[in-house]
Amino acid sequence: MEKMENIKNNKINEIKDIENLRLTSGKIINKNVHQIGIIALGSYLENHGTVLPIDTDIKIASYIALNVAIQTGAKFLGCVLPSTEYEYVKHGIHNTPNEVVEYIDFLVEQGKKIGINKFLIINCHGGNTLINELIEELPYKSDIKLKIKNITSTHASTEELSVGYVIGIADKSKLKEHNPKDYPEIAMIGLTEARKNNKYIDNEAKIAEKKGITINEDLGNKILKNAINECILEVELLLNNK
């Protein structure tokens, strides 16, 4: 009983300590934005043809997440290291959905210790959508609010190359070698099992086959601007308990 009382008192003191901080300082949209944490989710180990690095997804997610944190004042909590993928998408090195959720759970628990009770996960890897149902089953859903914003595009195709170019991770000099005949993961054109099992993947592959793959800086800027603005809106909704 005494131990429980001490824990309760420590929690009260922690809250008071946070309240003593200058929560209105700096460029923020609202002092309550300090209760919101931004987490980047992507993938670290996937081939992306010749133009983009193997950790493209997490770098794009981190870029968006950090910019949202800077523009709103929300806290950037870092990256989820594991990622997952559909069984029929045979490329990259991934983890189980449960391992991804366990890492998110760790970040949430640590975030709660610094006064965060609302979390926005910005995901830039399609395979990670497998965690959606598991997230809903987390036991602390009554204590916190957690939202996932999925921002994905055709794998290693024009949109992703263009975004990668804008943030500085694409090597444009390698575009001529960026060929799906040599690198089947590009637009998943050569991933037969994935195309057979997922009509959306197959449709995206067909579009890339028809239109070709290039780098468009204007397109990259537009995609990034829209993604950041959409995530800022999510932060504003969290501020309004929506």
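Just so you know, glycine gets a Cβ as well, placed from its N, Cα and C.
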Residue among Asp55, Asp57 sharing the Fe cation 1 site, where Swiss-Prot lists Glu46, His125 as binders: Asp57
Neighbour count (Cβ, 10 Å) for Asp57 (Fe cation 1 binding site): 30
Count of other CB atoms lying within 10 Å of the CB belonging to His125 (Fe cation 1 binding site): 27
Distant-in-sequence Cβ neighbours of His48 (Fe cation 2 binding site), under 8 Å, six or more positions away: Ile54, Thr56, His155, Ala156, Glu160, Glu185, Ile186
Env. residues of Fe cation 1 site, Cβ within 8 Å of mean position of Glu46, Asp57, His125 Cβ: Gly42, Ser43, Tyr44, Asp55, Thr56, Ile58, Ser83, Gly92, Cys124, Gly126, Gly127, His155
Surrounding CB atoms that lie within 10 Å of the CB of Glu46 (Fe cation 1 binding site), all protein chains: 25
